[in-house]
Every structure is written in structure tokens, then in C-alpha cells.
């Protein structure tokens, strides 16, 4: 009886225990659910904050694109140069000195880096804008006969305006390097490319306002960069603090870069087709609106991509950029390459040298072998101070290639106004300038192609430089052989394509050959060839022009003008021969650096397998 009475009590206790256990399990489940919900909400918050920060860096990139697109103001010099010559009553040689003064501003490009040591980035941006405003606005007043200035002061205004362009470039370079460390080369290539469309954009704006006014370009050169600086101020002031990107983040950024490059190509084609030859203001204005929309449209791309990535985690799988497609250069490649080379230095054919890097031991005889092998570069990315750079043969080969390639193209664009006038095609000056500007833009975009196709077609970047120089002598020999409108258009397009590639690729080549940390100083040393070349080549062209200027006078100003093929025939022949010298220098540079590039690529591929 006692045992029987105890069994229900134990069953009751077990029931109460199960009830308590169920309630505890339910409580634990609810707590876990609340914790997961809190964790999810926290992750969503962090994700949105990170997405917002990453989106802001793309706003900065778009701002740098706008700055570059409207600050290549030296490219439209040919549009108003003939008018300048008439108003000032100067010779072709004196006009050339004004172009040289503008290019000479690049010699003072180092001052922008010095300013960044003491002033914030936005202040340096506005210093550049006010230098340009000061230089171009006073030139506009001179050309409008509102004020009169002596020739030497006009030259100083040209120098101030030219210096402002270097300051703008420095601001854009710093923004790209700071916000895109993993895709620095792509960001620089894209933004520098838009500097090439400045002339086409200004031609479109000028046609939309007053197609008959040449001096209008000076006013636009003064005002538009200042306006763009004000518009770009907000994203620059709100720069995000970014951490290192994950592999998925790098791939996602690569997708956005591809889309940006596609939009850039469409913009270049649009400006090439509609950027000039529009004397009808009614037609030009809608086309200007279309160009502005193409420049604004990239603002929408990052938000769409990041939103899709957030809500659809499989986005990166459908845009995977690896394997058999292409592989973008990571910012740490050079450091990794240095480390691997250091580990295997004992097994390689080169050994440590002095400050200027690692030298190759070559025990061969012969002149050519000595030139190619002596003191040649064996490792990319090693830092070279300026004192060592100027003692390297590689640097002077590179300097000569740039001097006899890209610089000649720039001087050619400065003379386009007089070239068209001498051939009786003054009405086509704006068309030629747009053609040069657009193809310079495409050349700059092409400078990024080696990074996209390196897994399929790999060449050293110095080899691409050699290939890019080939169109220049071809163009000048064509211009010397024929004076037809078709030849002039083809020659202008080829020169623009070649020089554009060189201008954009130069920063990356300087970084690879002489060190990324020293690129600011070393690249400024390199581009001293621009004012020197502007003086030498421009003076050559001006002397030949004035020597053949027997065709007539401008009855209003008594300015001597030259008409006919002979005005630039000898100049084209000289430029063609000099560009062949530049091509030979770049080929020799490629042969001397091929080993270093091959070793770099070998180590990069090996590292990617582990």
C-alpha cells in the first residue's frame, strides 16, 4: 500500500520536472533567438556603415574624374591661339613662348606636394582653382581688349595657369592612392584618362554658348575648374576611413572599375561624335546635357553594386574576375616580390649592388651586349632617391622616350591652330582639337589594358610603352607626305592616341622602375622634359613657320601669316625622325628591363598558387 501510493507522487514530480525543463528550454530558445536577432541587427548596421563608407570612396573617385575632365585646359590652347596672336600682334616664335610658359608651369609641380605638407587637401584644391582663375581670367580680359598688359606679364599668366593644372593633378593622385590602395593603378589610369577629354568638353560647352567666339574658351578655362572644385568639396571633406579589403571586396571593386571603364569609353565615343562641328546652338545644348549626364551617371553605379551584393550574396560569383579571365595588380605585389627575391637571391643571376638596386653580372663582350646588360634593372619596386635616379641609364632612356614621344604630341596639339590655318582649314580647328582630345582619352584608357589581360597576354609595361610609341613617327611621316584633310585627321588621331597612352602609363612605369614611395619626386623630374620639349620643338616649328611666312599679312594687325604645305613640312620631318629616336630608346629600355618584369611576373604567379 505504501509503495503503491508513492508511484503517483514520483510521476507527479517527474511531470513537474519536465514542465520546468520545457519552460527552461523555451526560455533558452527565446534568449538565443533574441541574441541572434541582436547579432543580426548589429551585423546589418555594421554592413550598412561599411557599405556607406565604401560608397563614399566612389563618390571621391567620381569627383576626381570631374576635376580631371575639366582641368586639362592646356589642351584647348590651339582654339584661341590664332586670336591671341592677332590681338597681341606677336610672331609665331613669340606665340610659341606663351605655350612654353604654360608648359613651364609643370616645372613647379613639386610645389603642390610641398603645399600638402602644410595645408589640407581641400585648401590645395582651391589654391589650384584660384591660380587657374587668375591666369585665364586676366588673359581673357587681354584678348577682349578690356585691359592691356606687356608681353612678359601675359607669359607669367600662362605660367600660373599651367602650374594650376599640376596642382589639380597632385590632388587627384593623392585622392586615388589614399582611397584605392588595392586598385591604385586602375584608379589613376581611369581618372588621368578623363584629362584627355577636356578639349572636347570645352568645345561642346563653347558651341552650346557661342560657336563664333574663340576667346570664350579662356573665360571657360577660368570659371569651370573653380565651379567643379566647389562641387567636389563635399565628398572630399567627408573622406571615409577605410580598412583593408577582403578578397570579395577587391573583386567587387574590380566589377565597378569595369563598369566605370565602359562608361568612360561611351563618353569618349559620344564626345568624338558630337563634341565639335556644331555651329547650331539649339543642337549643341541638348548634346551638352547628354555629356553631363554621362559624367554624372557613374555616381549611381557603386550604390547599385553594393546593394546587390548586400541582398544577393551570389553577385560576385556571376562577375568572378579570376582564373582564365584576368587578374588585377594588388598593391602588395611589389612588396611580396621583393620578399621572394630576397629569399632566393643566392640562386639568381644577380647580386646586391649599391643604392641603385641589384645589378646583373654579365661577362659578355660586344657593344650591344654591354649597353643592354650593364647596370640593368633586376628588381621592380626598389626605392631610388633622386640622386641615384639621375645616374641610371634606364632613367635617361625612359626620359628620351618620353621626350621624343608624348612631349612631341603635346607640342603638336599646341600648334594645331596654326597647322589648320596654314592648310586652309581654319574652320576645322575645333574638330581637329576634339579629335586629338578624344583619341588621347582612348590612349589613356588603353594604358590600363595590360593589367586586365596579363594572364592571357603578358608583356612588360615598358614593352607596351614601345608599342604605344609606334603610331607617332607613322603619323608625322603621313603628315609630311600629304596635306589632305583625311591625312590631317588620321595623323592627329594617331598622335593623340600615342601621347595619351604615354601620359597615363608614365606614373605606373616610374613607380615600378624607381619605387612607389619616391614616385612623387621622380615623376616630377621626368616631366621636366615637357617644358624643355615645348621650348625646343615649338621653337623649331615657329622658326620654320616664320621662315616660310611670305604668303600674306593680316591687314588688321600686320601680323605675318604662313599659308601652304611648306609651313610645317620640315617640322613634320624633324618630329618624325626624333620620334624614331624615342622609339629606339623605349625599345632599348624594354630589353634592359625585360628580365626584371619577367622575374616579377614569375614570382607573382608562384605566390598566387599558395
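Using N, Cα and C of the backbone, Cβ positions are placed for all residues, glycine too.
The shown structure was predicted, so the numbers you read here are calculated from the model rather than taken from an experiment.
Record features, source TrEMBL:
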REGION    1-33  region 'Disordered'
COMPBIAS  18-27  compositional bias 'Polar residues'
DOMAIN    57-302  domain 'Nodulin-like'
TRANSMEM  116-138  transmembrane segment
TRANSMEM  150-176  transmembrane segment
TRANSMEM  185-204  transmembrane segment
TRANSMEM  216-234  transmembrane segment
TRANSMEM  255-275  transmembrane segment
TRANSMEM  287-307  transmembrane segment
DOMAIN    387-596  domain 'NFD4 C-terminal'
TRANSMEM  395-413  transmembrane segment
TRANSMEM  433-450  transmembrane segment
TRANSMEM  462-481  transmembrane segment
TRANSMEM  493-514  transmembrane segment
TRANSMEM  526-545  transmembrane segment
TRANSMEM  572-591  transmembrane segment
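By the Cβ criterion (under 8 Å, sequence separation of 6 or more), the transmembrane segment (287-307) is in contact with the transmembrane segment (255-275), since 3+ such pairs are found. Between the transmembrane segment (116-138) and the transmembrane segment (216-234), three or more CB pairs separated by 6 or more residues in sequence fall under 8 Å, so the two stretches touch.
When Cβ distances are compared across the two stretches, the transmembrane segment (572-591) makes contact with the transmembrane segment (462-481), since 3 or more pairs at least 6 residues apart fall below 8 angstroms. At the 8 Å Cβ threshold, with sequence separation of at least 6, the transmembrane segment (185-204) lacks contact with the transmembrane segment (526-545), having fewer than 3 such pairs.
Remote same-chain partners of the transmembrane segment (395-413), defined as residues 6 or more beyond its termini with a Cβ less than 8 Å from a stretch Cβ, comprise 75, 77-78, 99, 103, 199, 389, 419, 433, 436, 440, 465, 468-469, 472, 492, 495-496, 498-500, 502-503, 506, 509-510, 513-514, 526-527, 529-530, 532-534, 537-538, 541, 575, 578-579, 581-583, 585-586, 588-589, 592. Sequence-distant residue pairs (6 or more apart) of the transmembrane segment (493-514) and the transmembrane segment (433-450) include at least 3 whose Cβ atoms are under 8 Å, placing the two stretches in contact. Sequence-distant neighbours of the transmembrane segment (433-450) (same chain, 6+ residues past either end, Cβ-Cβ under 8 Å): 72, 75-76, 78-79, 185-186, 189-190, 192-200, 203, 261, 264-265, 268, 271-272, 275-276, 409, 412-413, 416, 459, 461, 464, 468, 489, 492-505, 508.
Long-range Cβ contacts of the transmembrane segment (255-275) within its own chain (Cβ-Cβ under 8 Å, at least 6 residues beyond either end) map to 58, 61, 183, 186-187, 190, 193-194, 197, 200-201, 203-204, 287, 290-291, 294-295, 297-298, 301-302, 305, 316, 319, 321, 328, 434-435, 437-439, 441-442, 445, 448. Within the chain carrying the transmembrane segment (526-545), a Cβ under 8 angstroms from the stretch's Cβ atoms is held by residues 91-93, 95-97, 99-100, 103-107, 109, 395, 398-399, 402-403, 407-408, 410-411, 414-415, 418, 422, 506, 510, 562, 567-568, 570-571, 574-575, 578, all 6 or more beyond its ends.
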